[in-house]
Amino acid sequence: MTSNYDNEKQDTAHIENVDQSPTDASLTLGKEQTLDSIDLLNSNAIKGDDSDGKVIWSIRSVLAAIFLAGLYTGSQIILYFTGGSLSFIEEDLQLAHGSAWLPTANILAIAAACPYAGYLQDLFGKRYIALFGSLCICLGCTLLGSAHNFAQALAGMALSGVGAAIGELTGLAGLAEVVPVKYRGYSLALVTAFVLPFCPYLLYVELWSYGNNVGWRWGPWTSLIYNGIIGLGLLFTYFPQYNHTRAEGFSRRAILKKIDYVGGILSITGLTLL
């Protein structure tokens with residue numbers, strides 16, 4: 001008499017056919033074919049960092065990183081010097097009141113231009129937008145330094161504010177692309193290093209304005225010299241390796257339609273009233 005155990009042993013439904021099992025050679029071949037289908041070198045990378053492609057680190061790219069860090073700092077120094085010279089500006093331009101609008105105009109222009117800096121980069125590329133921002137700062141410094149009335153000084157501060165918004169955002173974005181990931185921390189330290197010489201800006205204002213009311217003009221002239229050097233440096237060294245933008249595949253008209261003009265107007269109006 002057979003038991004259930006004997007029947008289970010005689011059941012051949014679950015016997016493995018060794019001849020039809022995959023061999024080690026076939027498994028290895030399948031693994032090699034899978035690896036061949038993966039782009040391990042990421043040759044189609046479009047981002048400028050080691051996670052998506054190798055950054056070409058040359059002398060020109062090092063100089064470009066230095067000038068981009070300088071652009072970020074140069075966007076701010078005109079505001080420092082002007083804010084510390086308001087009493088001298090009032091006396092020189094014979095203003096009874098309203099000098100506080102000079103730094104305010106700069107800040108409002110920054111707030112107005114910042115939301116559109118990314119769209120401008122998509123339309124024209126980071127190189128040309130960085131140069132445009134540097135040019136706006138230089139023109140603003142020139143207007144302020146040569147101002148003999150309040151309107152010209154106000155226009156200079158507003159124009160330099162537009163350039164500052166573009167310069168700050170484009171400088172940081174461009175710096176992140178030209179510097180390899182392993183040096184990213186050093187690049188941020190470089191930005192801070194460019195700010196350090198201008199930390200005692202109030203001391204500078206007092207030194208060149210002591211006994212001379214028109215000495216405050218050295219503030220915008222110093223800013224002009226600094227940003228002029230930065231602009232020329234970018235002109236000859238900053239050539240982004242990757243021209244890929246978020247606007248790829250979109251026409252300029254389509255990009256312009258995506259801009260929130262109403263939101264920008266409301267934002268500027270609200271900040272002005274505040």
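Glycine is no exception: its Cβ is also placed from the backbone N, Cα and C atoms.
Annotation comment: TrEMBL describes 1-17 as compositional bias 'Basic and acidic residues'. Summarising the annotation, TrEMBL assigns region 'Disordered' to 1-24. Among the features that TrEMBL reports, transmembrane segment is placed at 62-81, 101-119, 128-147, 153-173, 185-204, 224-243. If you look up TrEMBL, you'll see 62-274 marked as domain 'Major facilitator superfamily (MFS) profile'.
With respect to Cβ pairs under 8 Å, the transmembrane segment (153-173) is most closely packed against 128-147, considering the stretches 62-81, 101-119, 128-147, 185-204, 224-243.
Ranked by the number of CB pairs under 8 Å to the transmembrane segment (101-119), the listed stretches 62-81, 185-204, 224-243 are led by 62-81.
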